[in-house]
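Read through the structure below, which is laid out as structure tokens, and then see the notes.
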Amino acid sequence: MAIRVIEEKCKGCALCEKNCPFDAIQVKGQKAVIGMGCTECGNCIENCPFDAIEKTSPEKKAADVSAYRGVWVFAEQRDNEIQSVVFELLGEGRKLADELETELCAVLCGCGIREQAEELIACGADKVYVADHEILKHYRTESYSRVIFEAIERYKPEVVLLGATHIGRDLGPCLAVKAGTGLTADCTKLEIDRENRRLQQTRPAFGGNLMATIICPSHRPQMSTVRPGVMQKSVRDGGRTGALIDLPITFTEDEIPTKILDIIKSVGEKVSLTDAKIIVAGGMGLGSAEGFKLLKELADRLGGVVASSRACVDAGWIAPSYQVGQTGTTVKPAVYIACGISGAIQHLAGMQNSDYIIAINKNENAPIFEVADYGIVGDLYRVIPELMEALG
Ligand code: FAD
Ligand code: SF4
């Protein structure tokens with residue numbers, strides 16, 4: 001879909017300009033011009049007295065899939081620090097690229113970001129496409145999607161992966177719409193069907209009760225956002241070499257409707273669950289928010305961090321950033337100690353790939369024991385103090 005001004009009919013009355021809720025239309029030289037902020041809401045069409053604006057839906061032709069090669073990873077950065085999910089995407093992307101016998105490329109956008117390209121190469125990228133410009137200093141949908149979309153059109157990647165972060169979840173769909181292709185959100189597994197080079201994108205569906213594998217057979221690139229914490233990180237090799245390709249900036253600041261006036265960082269509690277080696281997680285079996293103090297004591301003794309089931313977050317016992325599971329964080333620590341957690345499928349979705357799972361639950365039939373390597377049937381308020389005593 002696209003919004004188009006029929007120039008022969010447009011009288012330059014500027015009614016559309018006044019009525020666009022997104023300030024995405026401007027009258028220039030007596031003609032309305034649709035800008036980058038257009039959301040295709042159609043408001044201007046209804047308001048134009050001369051029927052000079054229309055919505056076009058070009059027939060979607062299947063792409064020539066053989067023209068697309070290469071696996072791309074969006075190298076998300078914040079404050080010029082590459083986000084840890086990027087290294088997971090590089091690890092997974094390397095496998096996919098090797099299966100497809102093609103190259104793995106990273107796309108790096110920002111301002112003063114160039115030197116980070118070396119790190120991406122060391123972590124598996126064969127090429128890094130770099131867009132280094134003041135206009136890209138902070139993430140904005142319009143600027144990032146435009147520069148990356150233009151690169152997609154030019155270099156035609158076969159697969160594009162983004163982290164399922166706030167930025168990736170915003171950018172991915174926007175790129176997919178621009179490129180006229182599909183996107184599978186929140187993937188937990190990616191595989192290549194070698195017969196036809198299709199990316200098999202698996203993600204939880206129907207509240208996590210089944211896993212759906214989705215393909216994008218006729219359009220390219222095949223696009224996925226991938227859950228942080230699920231894929232193995234790439235192994236760094238400082239001796240690797242690769243190419244740097246500069247991406248041009250073909251637009252000016254005036255063309256970007258979004259302006260960043262100020263950045264206010266969250267002052268809420270923050271915890272990095274994805275990088276934790278030891279996690280002591282609590283569920284409703286704690287009985288109250290107070291119970292997390294005991295878990296914190298155990299976590300401190302073990303050099304780990306505290307996490308939680310969603311039920312405790314919903315009960316207001318702990319901040320949402322501590323939640324593990326399908327709608328929380330996916331974790332893969334060396335040791336996950338589940339205390340008073342029943343083991344609902346949505347919780348398991350976020351922790352069952354932990355190296356060792358230890359469950360403490362007073363109900364011997366709790367489903368958590370089905371995934372536990374070690375199970376302790378008992379009251380956590382008796383078991384945890386005893387554990388700490390044993391630790392000395
Ligand atoms: P409960 O299921 O109430 O389990 C409490 C457990 O504690 C019981 O097994 C009980 O035997 C045990 N217990 C009680 N007292 C003690 C004691 N003194 N000592 C030892 N054991 C004790 N949940 C998540 O965790 N993460 C998610 O991301 C998530 N996403 C969801 C998404 C959707 C769409 C839906 C529908 C649900 C989601 N849920 C999620 C909720 C999930 O279905 C469960 O409701 C939740 O995980 C249950 O939390 P719990 O195990 O803490 O509580
Ligand atoms: Fe503005 Fe909506 Fe018209 Fe786009 S379609 S120019 S957003 S009124």
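Any Cβ shown, glycine's included, is placed from N, Cα and C.
Database features (TrEMBL):
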{"type": "BINDING", "residues": "309-310, 323-327, 340-347, Asn361", "note": "FAD binding site"}
{"type": "DOMAIN", "residues": "1-30", "note": "domain '4Fe-4S ferredoxin-type'"}
{"type": "DOMAIN", "residues": "38-58", "note": "domain '4Fe-4S ferredoxin-type'"}
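Among the binding-site residues Gly325, Gly343, the residue whose Cβ has the fewest other Cβ atoms within 10 Å is Gly343. Under the DSSP three-state reduction, Gln323 (FAD binding site) is assigned to strand. Within its own chain, the domain '4Fe-4S ferredoxin-type' (1-30) has Cβ neighbours under 8 Å at 36-45, 47-58, 257, counting only residues six or more beyond its boundaries. According to DSSP, the domain '4Fe-4S ferredoxin-type' (38-58) comprises 5 helix, 4 strand, 12 coil. Most Cβ neighbours within 10 Å, among the binding-site residues Gln323, Thr327: Gln323 holds that distinction in the structure as shown.
Taking Gly325, Thr327, Ile345 as the candidate binding-site residues, the subset whose CB lies under 6 angstroms from any atom of ligand 1 consists of Gly325, Thr327.
The most densely surrounded of the binding-site residues Ile341, Ile345 is Ile341 (count of other Cβ atoms within 10 A of its Cβ). A helical conformation is recorded for Ile345 (FAD binding site) in the three-state DSSP classification.
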